[in-house]
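Have a look at the structure below before the remarks.
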Amino acid sequence: MRHVQAETSPSSEPEAGPSQPAVRQGALQGGLLMGYSPAGGATSPGVYQVSIFSPPAGASEPPRALKRPAPPTEGPRELKRGPGLGAREGLSPEEPPTVGLLGPEGLGLKLGVASQHFCHHGLCVVEQGGSSTSPWTSGARSSPLPPSNASCSTLHTRDWASPDPRGQGSLGSSLGPAPPGQLHTLDTDLHSLAQIGGKSLVSGVGNGGSPWPRESPGTANGCSPEHTPPGPGPPGPCPTKRRLLPAGEALDVSSEDEGPAPRRRRGTLGHPPAANSSDAKATPFWSHLLPGPKEPVLDPTDCNPMGRRLKGARRLKLSSLRSLRKGPGLLSPPSASPVPAPAVSRTLLGNFEESLLRGRFAPSGRIEGFTAEIGASGSYCPQHVTLPVTVTFFDVSEQNAPAPFLGVVDLSPLGRKGYSVPKVGTIQVTLFNPNQTVVKMFLVTFDFSDMPAAHMTFLRHRLFLVPVGEEGNAGPTRRLLCYLLHLRFRSSRSGRLSLHGDIRLLFSRRSLELDTGLPYELQAVTEAPHNPRYSPLP
């Protein structure tokens, strides 16, 4: 069931039109004209009820409703709007009970001072208001409907101008016939009433008519129109309720409509998208009351680099003060932006040997399972230890030349002090392959008796293949490096000597291909730094 509420005010006698005869003089003074054309003939199930309120015409007779039988169905019906002011010329007083039907195409209802009740094929108009001596009130009467039909919560209030006595700018004159073949529903007509009302007011002023002075619906009677009972009121504009519009559509209403202040309308522009939806049924009516998103307040210091730098320094100072408040035991350095680590240079060093020992070549692979046994002898013999060896190999030549292996023995599992050795003695390092076969045993003699406390140095032990008889005169081009052992020593503050860091080894993956015509022998060379020989600990 759909409801619409409209209130009209009394007006003078309307003029007779040339299209219909004069009838119901004094009974139907102005009003609204609505039509309903069923799409399915006499079997349409939809029923619409329209309640119109008007001041009584001087009679104390209680409001009553009149039910009329449905007219015979005559093919498809179309909606036609007729004049909406009083009686028209061309209608005889003896019009049959089907008065209100403008021909067989549709149904036209004329609503005057005395409200009428009709029931025609899905349309029901209920009379609520004063009675009048009109042919519409003759016949069987039913009990009046409760006043609950007078309210409709889905409509907004809107001012309507009363019809002009001369018929200019009236609602009836602004309504035109619908295009042929177009079927209208009552819902569409009800929603179009608000726009038609606004247009009629403007046209009335343009033709010289003086519309009724407007006043706010909330101040007309001293109370809200929603809580005002239907009844006679002042001859001012009667508020009519219309459907709620979403916040986005409320801005499109013409300037004659009553609406929120301009400041309120501008505030609705910042609503979330859900409040600006065009679906009024899915949008809550209070969405325009929601607060808009707050714009972030920008600090003037954020606009320049100097301000940002000062703000960062202020934050660092505050954080340091908080840490000082916690106590000296909990003092932590102020948090600053992380300093990027220096880029590690991967350029090659002066020779191939140094580049391999420093890791300047990218390894081609890694071999697991190598181990190294470390021992020492001298003024005392420390316990031998066995540690894993990380072995990597390289592909540094396009030819089939052999490339050495690089083995690294990490001494960190032995503790911070490393592997303790005497100041004068011999160090033995034995390398085992994954099959636990000895690859090479290194024996290195050292003498660091003059090494001061808290200093460090290193030893590099090499094994070359040189031709026999050229041990002392063999040049670098005649020597072939076979094995290399790099040891690092450190003296503690108490003067104790130990191996620290790691031990690095170079060895060949297979036997060297030598010229069989010349005999070769191994030559061991141990080197240490000369100037300075010892360096202080960092």
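Glycine too: its Cβ is placed from the backbone N, Cα and C atoms.
Swiss-Prot tags one of the stretches 436-444, 481-489 as region 'Transactivation domain 1 (TAD1)', and that stretch is 436-444. On the 0 to 100 pLDDT scale, the model's mean across the region 'Transactivation domain 1 (TAD1)' (436-444) is 94.
Note on the region 'Required for macropage invasion' (348-430): DSSP counts are 9 helix, 36 strand, 38 coil. Secondary structure of the region 'Transactivation domain 1 (TAD1)' (436-444), assigned with DSSP and counted as helix (H, G, I), strand (E, B) and coil, comes to 0 helix, 7 strand, 2 coil.
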